[in-house]
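**Student:** Below, the features straight out of TrEMBL:
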- 1-21: region 'Disordered' (REGION)
- 30-59: domain '4Fe-4S ferredoxin-type' (DOMAIN)
- 109-138: domain '4Fe-4S ferredoxin-type' (DOMAIN)
Amino acid sequence: MTEQTQNTQYSEKTTTHSNDPFENNDLANYVIYADTNKCRGCHKCEIACIASHYDMSIKEAVKRRKDLPSRIHVIKSGTTKLPIQCRQCENAPCAKVCPTHALIQTNGGKVVMRPQFCAGCEICMMACPYGAITRSFVKLSEEEQARLAHSEPRVVAVRCDLCQELSKKENRNVSACVEACPAKALTKVTIQEYRLLKAKNAPLPLADDSAVHETDMP
């Protein structure tokens, strides 16, 4: 069975005409913040993300984890574990390189994904400094099915969408990864709060050479 056959059997619930959450007033200013001091590297956030976007149980998501992309993934470096997902960059390189303007950055600084314009070229995946963009099979909208004369899901770039379909289903502002994290390492904050947290937790700059040399002098 080919990769395409395997994955089209599990296309995402969203369609190519699904609205991006950053165009929705309820979710417009939110992003997921990850606290590296709390993350245990258990990967439960990844499994919850797959279950949410492919409308399956946690048990099924565990079985399909190697075949289906998660929009969040945990990386480890030494003793540090860090969940990676869309960071809402201030000068988003993904939006700058997208040839079809499927990814755009609004005047307010929000990075918006418009899957109906995505050509699946993967240039944004290469441009993202965090590796936060992946690809997935997404169902065609009724309009595209009529225009293309087929109904097979197509490949588009995807990234964290704050679980918009899950929020609609449960009628509340919810993100699967946040709820699944046993260590409370993930929280949903406003973009303004997120950038303040990033600045607060940024590593201090190294001293310049002259300062180091002066300290070493007798």
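The backbone N, Cα and C atoms fix where each Cβ goes, and this holds for glycine too.
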**Student:** Would you mind splitting the domain '4Fe-4S ferredoxin-type' (30-59) into helix, strand and coil residue counts from DSSP?
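**Tutor:** Going through the domain '4Fe-4S ferredoxin-type' (30-59) residue by residue, I get 12 helix, 5 strand, 13 coil.
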**Student:** With DSSP as the reference, give the number of residues of the domain '4Fe-4S ferredoxin-type' (109-138) in helix, strand and coil.
**Tutor:** 8 helix, 8 strand, 14 coil
**Student:** State the non-local partners of the domain '4Fe-4S ferredoxin-type' (30-59) in its own chain: residues 6+ outside its ends, Cβ under 8 Å from one of its Cβ atoms.
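**Tutor:** 10-14, 21, 65, 68-74, 76, 80-88, 136, 160, 162-163, 165-166, 173, 175-191, 193-194, 197.
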**Student:** Along the domain '4Fe-4S ferredoxin-type' (30-59), what average pLDDT does this model show?
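**Tutor:** Residues in the domain '4Fe-4S ferredoxin-type' (30-59) carry a mean pLDDT of 94 in this prediction.
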